[in-house]
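As structure tokens, the structure follows; a few thoughts come after it.
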Amino acid sequence: MAPRLQLEKAAWRWAETVRPEEVSQEHIETAYRIWLEPCIRGVCRRNCRGNPNCLVGIGEHIWLGEIDENSFHNIDDPNCERRKKNSFVGLTNLGASCYVNTFLQVWFLNLELRQALYLCPSTCSDYTKGDGIRGGKDYEPQTICEHLQYLFALLQNSNRRYIDPSGFVKALGLDTGQQQDAQESSKLFMSLLEDTLSKQKNPDVRNVVQQQFCGEYAYVTVCSQCGRESKLVSKFYELELNIQGHKQLTDCISEFLKEERLEGDNRYFCENCQSKQNATRKIRLLSLPCTLNLQLMRFVFDRQTGHKKKLNAYIGFSESLDMEPYVEHKGGSFVYELSAVLIHRGVSAYSGHYIAHVKDPQSGDWYKFNDEDIEKMEGKKLQLGIEEDLTEPSKSQTRKPKCGKGTHCSRNAYMLVYRLQTQEKNHTMVQVPAFLQELVDRDNSKFEEWCVEMAEMRRQSVDKGRAKHEEVKELYQRLPAGAEPYEFVSLEWLQKWLDESTPTKPIDNNACLCSHDKLHPDKISIMKRISEYAADIFYSRYGGGPRLTVKALCKDCVVERCRILRLKNQLNEDYKTVNNLLKATMKGSDGFWVGKSSLRSWRQLALEQLDEQDGEAEQSNGKINGSPFSKDESKEEKKEEEEELNFNEDILCPHGELSISENERRLVSQEAWSKLQQYFPKAPEFPSYKECCSQCKILEREGEENEALHKMIAKEQKTSLPNLFQDKNRPCLSNWPEDTDALYIVSHFFLDEWRKFVRKPARSTPVSSVGNAALLCPHGGLMFTFPSLTKEDSKLIALIWPSEWQMIQKLFVVDKVIKITRIEVGDVNPSQTQYISEPNLCPDCREGLLCQQQKDLREYTQATIYVHKVVDNKKVMKDSAPELNVSSSETEEDKEEAKPDGEKDPDFNQSNGGTKRQKTSQQGYVAYQKQVIRRSTRHRKVRGEKALLVSANQTLKELKIQIMHAFSVAPFDQNLSIDGKILNDDCATLGTLGVIPESVILLKADEPIADYAAMDDVMQVCMPEEGFKGTGLLGH
């Protein structure tokens, strides 16, 4: 099919030869493209918007042919959330709580601990006996033990694939968005659990933690002089083994028990010898628990970087561990079997993921617990190979050593759990207490109800999809109208009807109506012609309207469009004729004045005028494209039209007469004007003999006289006050001339206005008076103290020489005289200088002015500040910010030394016209205060400096983001300072940090870190590490 524009031209080509009054039904149907050939599927790739008979590519392809019924819904099979047979239940990861999930699974599979927790008294039994379940209330555990009871019961008998541990995590007060130290959390929770169970009356419950996890060792110190042995016995719940420099678990245990020599400054005070003696110290294992927890110290403190790091060394360990060689008392069995391996995936100590490999004590099978996902290992052996291959290899990493039968190697294991062999064999079934089972059954019932509800929703969606499929297959084939009776329906509605993701709404054709409530010819591109049979079914099923039959073809609109098209064609011919007439030489002086601007754009104005006529036809019944037309919108459009100049109005003066400016108009012939007048009958008409506006002539003469007078006044004032105009040789308090007794003050506003007039007297009004009253307070006093003028004061006042003041009094009307006199006080040489002002200072108002100035400096919006980037070896930040080894000032020698290095930084490669910026340090400001008043406070940028627009209420963090875009320095690499003060509170506003307009902030960027994992560590360590402060693990 031809492009839409070609179809548009073809639909109206007949208008070139047919007059409006000759339009027939055939012409109307051609304009509405009734008889265009329909497109064929497979040949037409996409829908032809210019052809109302093209019904291809409107969304029908997804319904034709075979359809997968799963596409009718977006609901997953609820049975996917069901627990698999002979499998375990997973735990939801709440964000960064995977380390908690691994410990919960390990503790759950400790049958003795689970049995003891089930024996704890609980408010849950009261809940099940009372009206809790019958009343439909949700059970809320109150204590840590109750949370574990309920969790373990669900893990044991729930029908769900995974459960939510958020109640338990909230009870501990853990932050689910922050990953904590897994090794520390294990110790703290074990301590909390023991403390909680120690209050139980049942000894099997009270002592379960000690019986299962508690062992004893002794710190034994032997004096080398007398041989005296001292012991310090201590309990342990896990052994913390150093892995650095070791390859096997047995080596780590041997180092843990290794004898240490105490010599030199580290000698031992022997109570028997009553003096410091050389000695040996070691740890002796006195007794071992049933469950032996071995912590592999993978996360250690790095003294060089100042934060934690992970040791990724491989450690070998066996499935069977004989601890007899390491125990002092040899009686009994000390052979342990591996029951759990806790893994940390990731190279950083501050991020990663935790999983657990745990052995089922009843079946002997190994399972991998990864939050919601539980995977059973093939066979009866532990398999760690997949986990060890997850991290990306690097050149510095060592190869994985070969492991023999019954042994394993891991660089990610951080905790090994061994069970005593006798304990491993003596396992019994643990039954869920009846009161807990009742809660589990209730949760299972909710889950089953949810499964039934989801299955029903899936079934309903599939049934609807099938019905829609049959409807589309039936109706789509009957959509083409051919030569049958037809109607028009919007393309958008047809597309939504074929879109399975959105419900079908009633048909709405209002947007396609013209002012005569018929189908607008211009809207045919968004309409489709369908058979009357299909339209009847659509309207009966979905409703809507209005129905657009063959009677909806609007003859009035077609006739009007024909008229406008013919006028546009005529316009093209007349445009050529007028151009030729304008080029021809005029005979005689008779003609008409036409504005040059109007002559350049008359064709465009005529076209717009024709388009407006077309638009007015749409608005004639109060609608635009079928939408109500508001009065407010019409008023705004009229106002805009009034502001735009119509044809030949560009030569009208303000009084509505012919303008006196001859450069803006030209004379055209009578014939040319006649052609133009056909299109603009209401245009102003000015024959060649028409006189210009008399009022404008009078004003022009007066303006010329005033301009000459202003120039004369400006020249006289400039000659009388040359230094004041050029801002040269200005007085200042620090260099008070000896032959001058007094200085005078005028407002800066007066100076600015006067200089503006003198520079451009023709465009400005002469300044007639000096308004010094604005510098005085309501009490008539002065609001400035001259020994301590601020930078803001200097923007308000200017000092004047006595000779200049005399001239000012002659040239201007002065309302208030403000005079400063300097006197020497005291006999000491040099004497102290004082300044006396007339009128006198008003202390209260001066204080108020200073407060207001400070307030204004800290309450600003869209003010300019400057950020100056310094490189590492520049000296500019050394003095004022020693913490960053930087300063806000530098000597000229320092600048010269730093120049070669500064040029290496791309932010320093800026042109500054070869000028050097003045000092902006504290010293520079002190010098400024000594001068008190200076002419220009304009900031001069230098290399490495960029201007930023900021507001007082934006935070330092937001400023750092702006700096990041300007300098390509990440916020965590930015070290900022102002006047020697480090800016480090990201939440503070710029106003509170003392950043005022025109401030210069120094930026020192940290060197980029190539190791992205290390960069993550830096990000984490920048935040104060609080560990488990404020959580339930510390008893809070």
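Every residue gets a Cβ built from N, Cα and C, even glycine.
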Check the candidates S461, S887, S936 against Swiss-Prot and report the one noted as phosphoserine. S887
Of H353, K957, the recorded positions given in the record, which has the fewest other CB atoms within 10 A of its CB? K957
Using Cα coordinates, what distance in whole Å links H353 (active site, proton acceptor) and K957 (N6-acetyllysine)? 30
For the domain 'Ubiquitin-like' (930-1010), give the DSSP counts of helix residues, strand residues and coil residues. 17 helix, 22 strand, 42 coil
